[in-house]
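**Student:** Sharing a structure here in C-alpha cells format.
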C-alpha cells in the first residue's frame, strides 16, 4: 500500500459522520535485515545503505468529545503482523491518560475511552504503543508514538468578560456615532466548523442604538437624542455562535449608556423685569440684589457670565457673577444721591461662557433682563457694619437657635439706639426672627435644606426715636446639609420572575436616590430585611444592586406574587435607612426568558366571571348590607333621649334648649291675655318638640279672678307645679350663692390684670386679622420682633 493510498483512506475516514474507528496495523519485516523503500544510497565503503522499514503503520486517531453512550467509546485498534491470533502477543499502551482515560485490550489491541472527553480541557493526547511476547516479555516491534485528536462539538456558548458595561456618548450625536465595542469569546474550536463564529445582535435598546453583527461595535441609531429628555439607556447585546443560525448557543450582556451633556440650551431669565431698592446712603460695594438665568445644561455648559450692556446707570452699578450659584450680584459702584436721581434702569445680559459652534443654529446663547433700581431717601439712617451678611447653619438646629447677629450704628452724634426687624417680604414663611434690640437672628420654624438651600433675608435697622428712617442689609442664610433623609428606590420597579427560572438568575437591577447631598457623594448599601428562601440581593457597590433567584422553578398556581423587602442605607452620619418592597410577579416565559403571561386568572378561572367582576359584585352586596344596617339603626334611635342627666352624674344638671326667645316683642312664645284671663285656657297642651314617655291627665286648676295681678297668678301656678309630681321640669334655675375656695388659676377677670405695658407682648394681635390692626399699632412694638428694654 502506497503512501498516497494511505492518505486517501485517511481522508475518507475523516469525512464519515459516524464515530471514529481507526485501526493501526503492525507489519512485521520478513527478516532482521531492513528492506529498502525502492531507493538506495551508497556508503563510503561502496556498500548499499538501506532505509529501515518499520513494522508500525502510522495513523492519527480522531475522537468526538462529550460522548454520551453507556459503553466505553471505541477509539481504534492496534495490530501487528506478528500477531497470529494465538494470544502470544501482548499490547501495551503508555502516555497521556493511558490506563485511566484510555485502555487497551492486551490481546486484541482495541483502544477504548473510559469517560467523556472535553476538548476545551485538552485538545489532543500523545500515546505510545508496543507489542511484546507474552512468554519472553521481549518486544517484537519497536515502540511507536501516535496522537489521538479530539474533535470539537458546539457545547460552549459565547461569554462576555463583563456582565454589565458602562459607556457614554454625547447627546445630539449623529447617527452611526460609535459608543463602545463589546467582545464575546467562545471556548469551542475556531478552526472546526462554525462553533466559534460569533454574531452580535441587540435585544433591548432599539431604536436608539444598533450593533454591528461582526465586530460588536454599538452605534447610535437615532439623531438628536436629547439628554434633557432622557439621560440613561440600557442596551442588551446578544452574542450567538454558529454564525447566528438557529440552534446556536448565545450569551447576553447589559450595556448602560449615558448621554453626556453638550451646550445645546441657552440661558433664560424667568421674568423680563425685576425691581430692586437701595437706600441712598448705601456704601460703595453694597449688594442690591441678584438676578439668575436658568440653563437646562449641566457643568461648564451651564456656566453663565452676567454683564450690564445698557441703561442709564451703567456707571453707577456693577454686576458680579457668582460662580458657585451662577447668580449675578448687582452692587453699588458710586455713591447714590436721592435728590439727584431716584430711579435707574439697567439692561443685564446673561451669556454662556462655553458655546459649541456646532449648535449655533439653536442660539443665541444669551438672554437679557431689565433691572429697575429705586434709590430711597434717608435722613442719616443707621449704618450696618457690613454691606451684606452670610450665615451658614445646619438644618437640624433647634428652634430659637441664634444663627448670626447683624450690627448697625447711628452715624449721628446722638447715637440713638437702633431697632432691628426683618422684611417679611423676604421671609414670607416666617422661618426666621430677629431680636429687635441686639440684631440676633434666630429660627422660629424648622429648617430643611431639601426645600430651600438659601434664604435671602433683608434686615431693617431704624432709630427708635425716628423709626421712619431705616437701613436695609441683605442677609444670605445658607442651610448646610445633614443626613436626615433615608434613601429610597429611584423608580417604581415592575419585576417578574419566570416560572422556569434557575437559581442565581438575575431578575432585576435596582438603584436608589437620596434627597441629601453629602460632601463625599452618595453611597448606598442594599440588603434584605430578612432571609428569603426565594430571592437574594447582591450589592454591586456602585449604588445599584441585583435581585437574584435562590431556587429553581416558580409556580403561578401556588404563589403568583412575592413581596421582597429591601433595606437601603447610606454611609453618612447618622446612617439613614429605609425599607422598600419589591413586588415580584411570577410569569410564564419562553426559553429565552421573554415574558409571555403573568396572569394566573386564565389558569384558575377558565370559564365564568373574571376576578374584577366578582369583586364588583361583592362590593355591591356589602354596600346593600351597610344601607340596611344604617336604616335599622336610625329606626332604633327614634326613642327620645332624657332631658335630665342621671342623678349619679356628679356634674351640674344644666339643660340647654338653645332657645333664648324673642324678648318683649316676641308674641309667639306666650299670650299675656291668657295669663290675665285663665278661663280662656282650653286644654293643657303638650310640648311638640319631644315625645313624652308617659302621658299624664292634665289637672284642673281653679280659675283666678279677673282682677288678679299677673305676678300673683304666676306665683300661684309656680307653687302648683312645684308640688305636682307629674310636671316635668322643662325650665330649671339653679342659684349658687357660694363659689368655694380660691382657684389655683386665680381670677379670670381683666380688672385685676397688670396695667404696665412692659409686662405685656401684643405681637399676637397682628395674627388676629385686619380688625385688630389698630390695636396692634397702639400696643404692639414691631412686626413679630422681641423688644428689649
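Just so you know, glycine gets a Cβ as well, placed from its N, Cα and C.
Because TrEMBL annotations are produced automatically, they should be read as predictions rather than curated entries.
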**Student:** Which one of these stretches, 539-570, 571-602, 603-634, shows up in TrEMBL as transmembrane segment?
**Tutor:** 603-634
**Student:** On the 0 to 100 pLDDT scale, where does the domain 'Cadherin' (489-603) sit on average?
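**Tutor:** Within the domain 'Cadherin' (489-603), the model's average pLDDT equals 87.
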**Student:** Where DSSP helix means H, G or I and strand means E or B, what are the helix, strand and coil counts for the domain 'Cadherin' (489-603)?
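**Tutor:** Counts, helix then strand then coil: 3 helix, 55 strand, 57 coil.
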